[in-house]
Amino acid sequence: MPGPAAGSRARVYAEVNSLRSREYWDYEAHVPSWGNQDDYQLVRKLGRGKYSEVFEAINITNNERVVVKILKPVKKKKIKREVKILENLRGGTNIIKLIDTVKDPVSKTPALVFEYINNTDFKQLYQILTDFDIRFYMYELLKALDYCHSKGIMHRDVKPHNVMIDHQQKKLRLIDWGLAEFYHPAQEYNVRVASRYFKGPELLVDYQMYDYSLDMWSLGCMLASMIFRKEPFFHGQDNYDQLVRIAKVLGTDELYGYLKKYHIDLDPHFNDILGQHSRKRWENFIHSENRHLVSPEALDLLDKLLRYDHQQRLTAKEAMEHPYFYPVVKEQSQPCAENTVLSSGLTAAR
């Protein structure tokens, strides 16, 4: 019989929720106040997800453009969790702002109202980003992650679809907190979170005692896809194949080292499909089309994010201190940074 997996705890912000009152993290006890959806006139559908339909809308009381996320029938507990987390994070750096919680007067269907972001579809946007743009937006995303982690919250679904970018205004917002959860040390979490291409190895090997570092893996996948112009970077056909794709880059010996450290037993199905792979050098992914986006600092940062061992990954704060971001930090520390950032030139930041 396989024994129990070894424990693990976050390297940072581990006790944040224990130091807060129960009211802060006990979302099941939370009673959201629901206003009337009649204040909002739906304009057009922006998209649909597994759990919701999203619309651009107008607040008829003040003519403000907003986004209305109408929630599909789902457990009350999940809705309470999302609302509580959004309320706790309100005003946080680069976190989408929850404006209102409303219900349709007839159907009683709950909906969340958010600030509107004039988003550019990432498939188009990622094709035109400069080296400096990538550094800039990754830094802005790290601000959002460090903020939510410092508040005791893991996002658990970091991916391009959930990162809204208004490229004109150089504005980034981390959205969709529907899978987010409060971090408590030694708690075992559901591994059926995140989207396949952005799932950390811990999820793929069924290791439940994960933490904020899961979000750092997903951010690493985004960084890799941006600098190498390969979207997604790890392109698995299913959850099993996803780990195989990762192992082909990070190596199988390294994977077994990770499993051994945490006493993780691998699903026997992997015996047939994993094979043996040596660790690849990040330089192998450079070609003529992406060379202008890759630098030694970019590869060094990537290497420190895409680690099997979740405890070895950089934290959001550590990542923000990496030399890759020096040009961004330098620009943001200048007076009138608002104006200079529009140049998006690496030269301007040196």
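Note: Cβ is positioned from N, Cα and C throughout, glycine not excepted.
Annotation source Swiss-Prot lists phosphotyrosine at Tyr13. The phosphoserine feature in Swiss-Prot is assigned to Ser18, Ser21, Ser288; the stated evidence is similarity to another entry. The domain 'Protein kinase' annotation in Swiss-Prot covers 40-325. The feature ATP binding site is assigned by Swiss-Prot to Leu46, Gly47, Arg48, Gly49, Lys50, Tyr51, Ser52, Glu53, Val54, Lys69, with sequence analysis given as support. Per Swiss-Prot, the feature N6-acetyllysine maps to Lys97. Per Swiss-Prot, the feature active site, proton acceptor maps to Asp157; the stated evidence is sequence analysis.
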Would you mind listing, in sequence order, the residues at least six apart from Ser52 (ATP binding site) in the same chain with a Cβ closer than 8 Å to its Cβ? Lys69, Ile70, Leu71, Lys72, Gly178
Among Arg48, Lys50, Lys97, which are recorded positions, the residue with the most C-beta atoms within 10 angstroms of its C-beta: Lys97
Around the residue listed as 'phosphotyrosine', which residues of its chain at least 6 apart sit with Cβ under 8 Å of its Cβ? His149, Ser150, Gly152, Tyr183, Tyr212
Integer Å distance between the CA atoms belonging to Lys50 (ATP binding site) and Asp157 (active site, proton acceptor): 13
Of the binding-site residues Leu46, Arg48, Val54, the one whose Cα sits nearest to the Cα of Ser21 (phosphoserine) is Val54
Restricting the comparison to the modified residues Ser18, Lys97, Ser288, which residue's C-alpha is spatially nearest the C-alpha of Arg48 (ATP binding site)? Lys97
Alpha-carbon spacing, Lys50 (ATP binding site) to Ser288 (phosphoserine), which is rounded to whole Å: 38
Using Cα positions only, nearest of the recorded positions to Ser18 (phosphoserine) (Val54, Lys97, Ser288): Lys97
How many whole Å apart are the CA atoms of Val54 (ATP binding site) and Ser288 (phosphoserine)? 39
